[in-house]
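Down below is the structure, laid out as structure tokens.
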Amino acid sequence: MVAGTRCLLALLLPQVLLGGAAGLIPELGRRKFAASWPGRSSSQPSDDVLSEFELRLLSMFGLKQRPTPSRDPVVPPYMLDLYRLHSGQPGAPAPGHRLERAASLANTVRTFHHEESLEELPEMSGKTTRRFFFNLTSIPTEEFITSAELQVFGKHMPEALENNSSFHHRINIFEIIKPATANSKFPVTRLLDTRLVTQNASRWESFDVTPAVMRWTAQGLTNHGFVVEVAHPEDSYGASKRHVRISRSLHQDEHSWSQIRPLLVTFGHDGKGHPLHRREKRQAKHKQRKRLKSSCKRHPLYVDFSDVGWNDWIVAPPGYHAFYCHGECPFPLADHLNSTNHAIVQTLVNSVNSKIPKACCVPTELSAISMLYLDENEKVVLKNYQDMVVEGCGCR
């Protein structure tokens, strides 16, 4: 284990010495933790301490238990692009106005794939219709949905242009109010969104389904799913039917289908912290004077998720630079120590009365990180976590 993680355990361990918990850290991670514990003989942490340590970290991440993916996770490319965008990575796609608006009100993004065992609705002349059901029960009750969109992939169909056929067709998205019955072949629906799309490019088409998802989650109405209807022009029925990928091809493998299958994306806020934002690289602050080596300042601390065996459910990042504050707050306090008036007074009193403690070196500025992970239900989640990175230290 890297030295930084030892510091993390040393810094956080006093907060978790409150009792035992079920074993959560995988055996590999447990051995790495124990092997790195200072002293390592009689002083190394017990299984109960390690378990409680991880339990507290999971609670900080808003998880009740450690996710245990059953197989290699399928992460939609959309979520990887969204993570790169909000973590400020180079090469991230430019955000659209709609995405920026949705993310500006949310600190959590979740994705859902539909259940593929549903029946195909009766075919109508010139139209292809499918019923889609997305199980949203994994959304926490305290999470308020601010926006939701249904994404459908459209494949470039050059033959439509070669045959001089129309390369436009309409996609309609309906909410199912009442499902089909024995007496009625068609469900009762409500139109949510509609768009005229073209076949001259391969791209994702996004449709606003916020009203339906809010009714299901906030108002507790029954989720009967959606109907996706593709209206084909008479001269391009075959091409447009192949263009919009709302069902899996007969011989299509699982991996390729997972990259283009319909996707429901929800944007929500759990009432904690700030919404997602595009992280910009911070400019280094100019030092006003040469600091003493022992004075209060920020030190390196890298948290590697593989050291506790979490790399099987945390997709990105593999770790992050958390940093920590350490050092002396000597009298008199210099300007660069970013002190409060109270800290200045306390340090002054300490200089004449040693019973009064000195001011402490603590974080004065913290920033958030974005994490992409699989939750307990193997749903892909992008979440913004506040106060994870120390940006500045001072005497307080």
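Any Cβ shown, glycine's included, is placed from N, Cα and C.
Fair warning: this is a prediction, and the values are worked out from it, not measured in the lab.
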Record Swiss-Prot, residue CYS393, disulfide partner from CYS7, CYS325: CYS325
Task: Tell me, from CYS7, CYS361, which cysteine Swiss-Prot puts in a disulphide with CYS296.
output: CYS361
- request: Would you mind checking which of CYS7, CYS395 shares a disulfide with CYS329 in Swiss-Prot?
  value: CYS395
Message: Tell me the Cα distance separating ASN135 (N-linked glycosylation site) from CYS325 (disulfide bond), rounded to the nearest angstrom.
response: 44
Task: Sequence order is fine: just name those recorded positions in SER87, ASN135, ASN338 with a Cα within 10 angstroms of CYS393 (disulfide bond).
output: ASN338
Field: Protein Cβ atoms within 10 Å of CYS393 (disulfide bond), excluding its own
entry: 23
